[in-house]
Amino acid sequence: MARVAALFTLLCCLILTEAQHEPGQCAFYDECGRNPTLNGTLIRPIVPCLNPSPARLLSGEHYKKLANVCPMLDRGEGNTYACCSIAQLISLETSFTLSKAVLIRCPSCSDNFATVHCINTCSPDQSQYVNVTRVMNITNLGVTREAVVAYQSYLSTNFAEGAFQSCKNVRIPATGGFAISTMCGRYGAKLCTAQRWYDFQGDSSNGLAPLDIDFRLIPGKDSGSLPSGIVAYNGTSLKCNQDTPTGGKACSCQDCQEACPVVPGPEPPAGPFRVFGMDGFLLISIVLLCLLMLAYLLFLFVSCYVRSKKPKSPKKDLNSNDVSQRRIHPSEVTCADKNSLIAHAFLSSIFQSWGKLMASYPLTVLLISAAAVAGFAAGLMHIELTTDPVELWSAPNSRARQEKDFHDSNFGPFFRTNQLILTAPQRKGHLYDSLLFGPYNFSGIVSKDLVIELLELQTKIRDIEFFSEDLNRTASLKDVCFAPLNPVNPKTTDCAVNSLPQYFQNSVDNINAKVNMTELGVTKEVDWRDHLIYCVNSPLSFKDITDLGMSCMADYGAPVFPFLAVGGYNNDDYTNAEALIMTFSLNNFPRTDPRFKVAMQWETEFLKIVQEYQNNPKTNFTFAYMAERSLEDEINRTTAEDIPIFMISYAVIFVYIAVALGEYSSCKRLLVDSKFLVGLGGILVVGCSVLASMGFYSWVGIPSSLVILQVVPFLVLAVGADNIFIFVLEYQRDVRRPGEKREEQIGRVLGNVAPSMLLCSLSESVCFFLGALSTMPAVKSFALYAALAVLMDFILQMTSFVALLSLDARRQDKNRCELLCCVTVKFYAPVLLNSVTRIIVMLLFIFLFCASLFLMFNVTVGLDQELAMPQGSYMLTYFEYLYKYFEVGVPVYFVTKKGFNFTTVQGMNAVCSSVGCDQFSLTQKIQYATDHPELSYIAIPSNSWVDDFVTGGFLCPRKCMKTPPDGVLRPNVEEFNKYLPSFLGIDPTCNVQKASRFMAYHTPLTNSQEFTAALLRARELADNITKGMRKVPGTSPDFEVFPYTVTNVFYEQYLTIVPEGLFNISLCLLPTFVVCCLLLGLDLRSGLLNLITIVMIVVDTVGVMTLWSIDYNAVALINLVTAVGISVEFVSHMTRSFALSTKLTHVERAKEATANMGSAVFAGVAMTNLPGILVLAFAKAQLIQIFFFRLNLVITLLGMAHGLVFLPVLLSYFGPGVNKAVLLQQQMAREREQQVDNMKQVYDNISFEDHETKPQQNGTKPKTLTHQETKEDQF
């Protein structure tokens, strides 16, 4: 038997050796049956029969089949010879069906691919191009024949390289990857070459090739080294940008770089503003500084010159009477002066009567006020607290919000993400020498034991079960998971879980699998590493090329792309990744859906398991994690934890007010003189005003937020405390007139100070009401709540607080002592308003303003999401890992609205990116954007269901329609509507004309500036796409394409927050000017100085924000609007006091205003805010530390500096002149008093003379007055 076998082998070798390699000769012909050496292939491995014979002349059906399958060999019927049977052509056609499914997007590539196999199988000169190297006896249907199971194929390098170049950039739209990566085995697209590409095609172990083909690529100069009679096939390969001879269209740009038009990249972002090579804003600030300083110095020079030329008038007359203030004639009083006096007198009289009334019936007033507040506060039963970030920061009518609503209504909300990012920094990697793929580096975390440990954790999470009250049964992952391939009735294995174990279908047995494999004569063990190397480069494969024969698809039926399973790699070196990523995706149900609570419960259980696993000392991973609910949970947690900080802050403020309002004459009178009741009343007034405001808007239906609860009380407290201090200190300074009742005194004092209180409160309230015009919901609701709270605070001060002060006055003695005023008068004001000090102050604040103006242009716009987390939060670690290890950013969908007809040929061509598509179609433009990821922020191009639909190899219409000669298959309208529902797997009634989307991926985005820039670039690209698609016939003029990313609603505000902030702050500044002018009797100069000072405070605040790393965003904008309100308190009282002063000079009037109002402003605003603000430094929330501690501290300090330092100096230079109407009124009042005194003196003298006369008439001596009696009489 052994001899027979040896003889048979010798005969085979002789036959193979003696085969003729000459034109017109075949090496093999017809089919002999199945290759017995292959099992488990994707197609039946039918091999040809060894048959050295002349080529056959084809005719009839045989010829037609050849012309259809291998048109490059067609020489016309009756003149076409070939070395293949009809059966071979049918098998070849079946094989081409698989390859065309991948390469159909590029007909020239597909034609080049088919040419090689047609030449090898059917060429009439077959024996010249192939050399049979192995045959086997195969018995088929009882007949035993010699079958070819291996041969050599000789190709010229020029043809092979040309064919490879035509195919290397062809893409698979579903993955965004290259088709060549699935046709080059272990090398993937990156390392694939022409030789490696053909080697894979000839490798029977790939499940596609029916036999082994050894492709030999022969350079043109090496033809002499070929076996006798062998010629390397040197046909002309088609370039990818060429049409095929059969009419096939050139490949599209996405699949062929040579076909790409010259497309300019996106315009780079505008560079920094520069003038003469230096920072333009710096130059402007320097020029402005120089101009302001020169103008100020010029003003000083002119003022000094005018004063030196002006003759000095004597201050005393000949009788030593004071003549420093000459008598004002009524004709000198201007209309403006009269208006100012009338306004002041009118308001004073009204408030005086009102104060007397309130002080006369304090208990009744308090009762009515309490009832009114209770009525408003009852609305708190219906309060709606907004915690959803989308509702809080994105306006319902904003573009991003409308786009989100459109997307969610048509495609459902973006799924909920629950994710772990795991590392093993202490584990060392290793080098693995793969039999198939060569040497590969494996990092420490990509190790078998850690992959299994990750799978165990994944299984534990996947098997979570809990009782749901909403479902009234035990719930699990399948009840809430995102199951893309079985959304109706999913099983647990249908849930989308992306992780590295999914390459092994979550099977420990698959991970442990190993097998000996022989490749190129080398036998070696292959294991999980070989499978992983293959899968990360070919994630769509249903079977790897190893003898393990395992699929790469996840157990839920979809591919797991490597950038979703591993992170921290370079240049697609996935096995050397530094992190493993595991993601559970849940359906994002509406909050009103009961399943939303179930999803929240599942995420709670997820967090418990992950945290227990993290605390386990046996854990081998260092990792970060998050659930979709984590952001909201952490914000709510830190809010609850920081409540004690706010309570302490308010307690400190309360203690300060209660102590500072007292007037202490001795320790014995400490309890008597303290203003505990008044301080408590002031705090209660503030609290009641906030409650009334919140209750009213709760009745109306305007929701509140945590920002309102944190900011509005501080704002109202600053405003209210200032008014309280002004009122109480003025009352303490005042002396009750003879015969005046206490209620009358309180009314008179209120009449003096209430106009100033009205000026500030009305300015702030109108300011905030105008701020409600903002489009940001958080800013709008804050402005509404603040406006009404300030207004309610003023009303309650005019009622309840006056009543409380009346009650307190009834129990207190009349001793008066006010230290701060004395200090201000004797020390601070004279030093501040010294001529040298004034110059220094002006120059210093001018410099500060110009420097802050420059810094303002460099403030960072945005709010990084990690700042919303408290210090020590696990989410901070997650964000750190996310930015460090993720290599791809968030998905971005380009969504089409209704108005575009996809059913027409022009419509399909305007969207797709395969052969026959427009060069500037939707997907092509996205592809062009990926060529410049640093500018477009798009990393992976969009896939297209249109491409899959028209090029799908196994589905209709490709399966059900005949492909035209040009390879451009386009169904008509009827066919489109017929085949599309089954292709998409949707209800036939679904209308894709209404909405469609195309998904791409952003580059990794790490901060709010990059998210904002990515949004802007995506919109620019979408606008460009919209303009192009509107040119397609039949497209509606209002058709639109927009980009949708789940983060757009949060970052859209930063596109417009600068102009919107300027608009809001300008609206707030306007009433401060208008109200000040009106209440001061159209005093334009006072209003202007008031406005200038507040503008300087705001500008300086933004400048310091830049220095102290406080970003400008919606939270900062709320605080800046608040800054305008607080600045009014620092500025307006002082301005009004100066305007009504009748001192001789500007400096003296500034001193008087500083003395009268400076102490009250310092004690009521600065010292009320500072203790409470300093306590906030201990808050855990970073948002509170940055935007409530830092920013409010800056606002308070700058407001105090400008109100108590800069403004008095500014008024001493540029303040309005003395109000002559007020001065005339005072002079007339003094004259009346003098006349009364003179009349009284005359009356006293007459009485004295009568008294002296009577004793003389009675014969008695007149009485001699003592010295003391004389003094008293003169007084």
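Glycine is no exception: its Cβ is also placed from the backbone N, Cα and C atoms.
Taken from TrEMBL, the feature signal peptide covers 1-19. Annotation source TrEMBL lists transmembrane segment at 281-306, 361-381, 643-664, 676-700, 706-729, 749-776, 782-805, 1062-1082, 1088-1108, 1115-1135, 1155-1179, 1191-1214 (among others). Taken from TrEMBL, the feature domain 'SSD' applies to 642-807. What TrEMBL records for 1247-1275 is region 'Disordered'. The compositional bias 'Polar residues' annotation in TrEMBL covers 1255-1265. Summarising the annotation, TrEMBL assigns compositional bias 'Basic and acidic residues' to 1266-1275.
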Same-chain residues near the transmembrane segment (676-700), Cβ under 8 Å, at least 6 residues beyond its ends: 369, 372-373, 375-384, 650, 653-654, 657-659, 661, 708, 712-713, 716-717, 720-721, 724, 728, 781, 784-786, 788-790, 792-793, 795-797, 800-801, 804-805, 807-808
Of 281-306, 361-381, 749-776, 1062-1082, whichever stretch has the most CB pairs under 8 A to the transmembrane segment (1115-1135): 749-776
Contact ranking winner - 361-381, 706-729, 749-776, 1088-1108, 1155-1179 against the transmembrane segment (1062-1082), Cβ under 8 Å: 749-776
Best-contacting stretch, by C-beta pairs under 8 Å, relative to the transmembrane segment (1155-1179) and drawn from 361-381, 643-664, 706-729, 749-776, 1191-1214: 706-729
Long-range environment of the transmembrane segment (706-729) - Cβ separation under 8 angstroms, sequence gap at least 6: 385, 387, 392, 635, 639, 646, 650, 653, 657, 660-661, 675, 678, 682-683, 685-687, 689-690, 693-694, 749-750, 753-754, 756-757, 760-761, 764, 778, 781-782, 785-786, 789-790, 793-794, 797, 801, 805, 818, 820-821, 1115, 1118-1119, 1122, 1125-1126, 1129, 1133, 1157, 1159-1161, 1163-1165, 1168-1169, 1172, 1184, 1188, 1192
Model confidence over the domain 'SSD' (642-807), averaged pLDDT: 80
